[in-house]
Structure formats: structure tokens, C-alpha cells
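Below is one structure, written out as C-alpha cells; the observations come after it.
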Amino acid sequence: MGCGHKDDKANVASSQIASFSHQPHQPPSTPASKEVWKKGGRMFSILLAVHLALLACTLVSSGAFEKIAVHDYDVFFLLTVMMLMVIIWIIFYLVGTSRCPDAILCKDSHAGPVWLRGGLILFAIFSLVMDVFKIGYYSSFYSCLSAIKIIYPIVQAIFVVVQTYFLWISAKDCVHVHLNVTRCGLMLTLTTNLAVWMSAVTDESVHKAHSKLKKNVTEEIFRWLLKAGMRSSSAEECNCNSHICQIFKNGYFWLYPFNIEYSLFASAMVYVMWKNVGRFIDHHSHHIHHLKFRLFRRTFFVGIVLGLIILVSGLGVLILYEVQVNSSTESSKKSQALTMYYIFNIVCLGLMSLVCIGGSVIYRFDKRDMDRHKNPTRTLDVALLMGAALGQYAISYYSIVAIVASTPRDAISALNLTYALLMIAQHTFQNIFIIEGLHRQPPKEDHKHDSHQKDLYGLTFVNINAVSLRVPDSGSTLAPSTASGTEAIHPSDLVRTLTAPKKMNWRRKFLREISMFLLLSNIILWIMPAFGARPQFDNDTELNFYGDSMWPAIVDICLPFGIFYRMHAVASLLEVYIMS
């Protein structure tokens, strides 16, 4: 496999790069674009992605109902074909770029940070465990199931392994060969991940609905309702009586949230790669910051301790909620569980809102410059934060309208109203804090005055006049050092140097405490709805107001975006923590 034929401007760009290397004293500039019509290549790949996404969305949504002649194995067949195509393209990409020395001329230092790739690997491991559980579950019914039901998790496991390796080594690439093919391949990969995400969200929602329906009706009525219009997996028609079969069935449904987050994380990383195709980066204006993750240094531990208290308390609330709501039919226990859930979330969201406001106030005193350089990763982070928050906004506003318009009102309704209002406030204040933190430049250490600072900090006295005696004036004495490139320093500058680190330290420490507290709080707020604590389905106010069909549909559509928002906020807050 060769490097392929490049456009004519590619050679021009290469010659420009070569000319820069022979002119060391000339200020570097970014080479011109290598494509005649860059937007045309992007447009073609976007159109391909839109058509594939619409096709997958149509099949997934149609397969959610029994009356429509689209079965779940039709959906699995399409997803299997798409994943196989992506695997083939990834192999083509890896082989093609490895054989062509000019394939990757530069890398985007902001794309694919190590904590994002580490999170991707963590979700990939759980996704592989889920696929193993699926294979074991479907293998119990191989005699009464379509073969695609067993082939699909096998292909998905291979897809997860290949894609994770691909993103780990290639997330920072700025490719300059096979541009249109690369764009189309990346859009195919992105669309495949979104299609797998849609399928997983639909399967999980249907499973939740079946579980609640089974708890309230007998087995005969449940079978009749499945035939009347609800989606029933073909595995529902087979008997799963063995203990190992039940373990496989319950296991892979509990692991669905990890697979959902994996698909979304991979989609975000692939999109950044797509934006970087054909991109030249001027490393003189594209600052590369080598930041070190120090978790237990330069911190008061207040944010970590308080966040851990919230995390552990939330886990306890989740366990009690699952036991009292899903395992009990008594209305009193259900009311107690909802009250406990709302009180915990009100306290947590209130603290998070206050902390975010405090962080925004601290940023007003931060003297760091704003980073205005082009950064597709940061642009995507901001867009995902703002877009994913719309899901929780929608649920909250629907809840507010239902609570205000409904009568009578009880204590749970008041708690639900407070919870919805605080959810809107917390998302808004947290987005402001994160976005402002992402646009701040990391702290820079001044290497010019290191010798002066060491000399200054080594003094056994702090007399300003004594300090001024050790520093020459800006007269003839400084001329040689100035000519040699050393900057002249006055006593007032040295005094500011003495006091500046203290001001910077308290700001950075407080920002780190805030970021760590918000990070741990977002983790528990992701865990609770992802693993079954969903009061939207257990509170009768919204169900009675909007009906049994409209309200579940609203929650099923909006809640996955709210869950993704929490996990994406965790990744963004980790970046803010490291950059503080």
C-alpha cells in the first residue's frame, strides 16, 4: 500500500516546510492549506454520516415496537456490518500511515489527553465484559435464536479492541494522505459508535420498562402486553431458567451504562481526529504544556474529603433506593425512598452550585491570560457540555410545569420542584466554571529570574533597602547583561516576585479543591441514574400530568444526554484540575 497521490498544494506545503527548516532566523508561519476545497471533502463525509445515522436511527426506533415488522436481529445485522467496515478501515489506516513517512506531519497536543484515553480503556474493559455476558446469555438459546444474536457481541468485542487501540495511538494525528478516504472512514466510525449507543439506550430503556411491568402484573398479562405492542426481544420467547443464564442476563444489563459511555467517548475522540485531517499546526504558536497530575500535592484535602463523603453517601442512598423502590410494592417505602433521594440531591446540587459560584469569583482574581489559540478539542468539550445539558434542562422544565400545574401538592412535590430548580442552576453554574477553566492558560514558571529568586529567597533578612543594594540600577552596569539577553530587574519587581507566588498558590489551591469536589460529586450523580435510580419513573406527578406514554418517552430521550453530561463533566473537571 503506497502513500497515495496528494494534491498539488501538498507538495507546495511540503516545500514550504522544508524552506522553514533552512531559514532558522525567519519567523515561522503555518503552511497554506494543502487542499483545493477543504470544505468539499468535509461536506461529503458529513453527508455520508447523516445518511448512515438516519438509517440506523430508523431501524433502531422501528425495532422498539412489536407491531412494526422490524426485529432486533435486523438492527444487529446492520450494526454488525457497520462495525466490520470500521474494523477494515482502521486496519487500512494503520497500515497506510505506517508505510508513508509523510502521512502524519504534525500532532495535536490537545487532542486525546491521557486521562481521556485512560477513561476510554476503562469503559472498553467493562464493554468487553458485557459482550462476554451477552455471548453467554445468547448461547443458552442458540437453538431458538438467530445466529446474528451470537455473532453481534463477538464482532462488537473485536470492534472495541481494535478501536481502542486505534484511538490510543492515533488520537493526536493530523493526517495528510488519503484525505477524503480518511474523513469518510472517521465519519463511518463516528456514526457506528452513535448507532451502537442508540441501540444500547433503547435496549436498556425497554429492559427497564419490562422490569417495572413485570413487577406490577402477572406473567400471563405481561406476555399479552408484549404481543399487544411493546418490543420483546427474541430471547424473551425462550426460557431462561438456569441460574447461570440469569447471571448473564442481569450482568450485561448492569454493564450497559459503561458501553453507552464508551461509545460517546469514542465518538468525541473520533470527531476531533476528523477535524484535524489535513490540518497544519504551527508549534511556535501552538503551546504545548507538559502538565503533571499531582493529586495529593498542593492541596488542603477539603475538596477530596468532602467529595468522598458525597460519593459514599450517594452510594448508600442508591442502594436503599433500589431496595425500597424496585424490591418493594408498599407505597410508604416508595415515598420514603423518594424523599431520601430528593433530599440528598438537593444538598449535593446546592453545595455544587455554591462551589461553582465561588470558583467563578476566584477566576475574577486570576491573572492568567486567556488561551485564544485554535483548539478543536476544547471547542468540542464546550459544545458537548452545552448540548448534553439540554437533556437535563428539558426534564427539569417538564417537571416544573407538571408540579406547578398539578393539584394537590404534597411534600414530595415540593422536594421535586426544588430538585428541578437546583438541577438547572447547578448545570448553568458548573458550565460557566468549566468553560472558563478550559480557556485559561496553564500556570507558567518564570525561568528568567530563577537565579535572582534563589538568591533572594536565600537572604536571612527582608530589608528592601538591602535588597536594592544587591541589584544594580538600570545604568551602565546593566548594559553588558542586557546586551547578553538578561533582563534588568528592579527592587519593586523583586518585591512583587516575593509576594506573587503566595497569591498564585492560594488561587490554585482553591481551584483544585473546587475541581476535585465537583469531579467526585459528578461521579455519584452519574452513577445514580445510570444504575437505576430514576425518580422520573417512580414519581406519579409527571406520569399523571403527561400520561403513561408521553412522559416515559421524554425521559428516555433526554435522560441519556443528562447521564453523558455528568461523565463528560468529570473528564473536563479533571483537565481543569490539572491546568490549575
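Cβ atoms here come from the backbone N, Cα and C positions, even for glycine.
Taken from TrEMBL, the feature transmembrane segment covers 43-63 (among others).
What TrEMBL lists as transmembrane segment is 75-95 (among others).
Per TrEMBL, transmembrane segment is recorded for 115-138 (among others). Same-chain residues lying 6+ beyond the ends of the transmembrane segment (115-138) with a Cβ under 8 Å from its Cβ atoms: 145, 149-150, 152-154, 156-157, 160-161, 164, 167-168, 171, 235, 240, 244-245, 247-249, 251-252, 255-256, 258-259, 261-262, 265-266, 269, 293, 571, 574-575, 578.
Residues or ranges marked as transmembrane segment in TrEMBL: 150-169 (among others).
Positions annotated as transmembrane segment by TrEMBL: 253-274 (among others).
What TrEMBL lists as transmembrane segment is 295-321 (among others).
If you look up TrEMBL, you'll see 341-363 (among others) marked as transmembrane segment.
Under the heading transmembrane segment, TrEMBL lists 383-405 (among others).
TrEMBL lists 510-531 (among others) with the feature transmembrane segment.
Summarising the annotation, TrEMBL assigns transmembrane segment to 551-578 (among others). Non-local neighbours of the transmembrane segment (551-578) in the same chain are 113, 115-116, 119, 197, 201, 205, 209, 257, 260-261, 264-265, 268, 291-293, 381, 384-385, 387-392, 394-395, 398, 427, 430, 433-434, 437-438, 511-512, 515-516, 518-519, 522-523, 525-526, 529-530, 534, 536-537, 542-543, 545; each lies 6+ residues outside the stretch with a CB under 8 Å from one of its CB atoms.
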Checklist entry - Taking a Cβ cut-off under 8 Å, which residues six or more beyond the ends of the transmembrane segment (383-405) line up next to it in the same chain? => result 268, 413, 416-417, 420-421, 423-424, 427-428, 431, 434-435, 536, 541-542, 545-546, 551, 554-555, 557-562, 564-565, 568-569, 572
Checklist entry - Quick one: do the transmembrane segment (253-274) and the transmembrane segment (150-169) reach 3+ CB pairs under 8 Å, ignoring pairs fewer than 6 apart in sequence? => result yes
Item to check | Tertiary contacts of the transmembrane segment (341-363) (same chain, 6+ residues out, Cβ under 8 Å) | outcome: 306, 310, 313-314, 317, 321, 412, 415-416, 418-419, 422-423, 425-426, 429-430, 432-433, 436-437, 440, 507, 510-511, 514-515, 517-518, 521, 524-525, 533, 535
Checklist entry - Excluding the flanking five residues on each side, which residues at least 6 beyond the ends of the transmembrane segment (150-169) place their CB within less than 8 Å of a CB in that stretch? => result 76, 79-80, 83-84, 86-87, 90-91, 93-94, 112, 117, 120-121, 124, 127-128, 131-132, 134-135, 138-139, 142, 189, 192-193, 196, 262, 266, 269-270
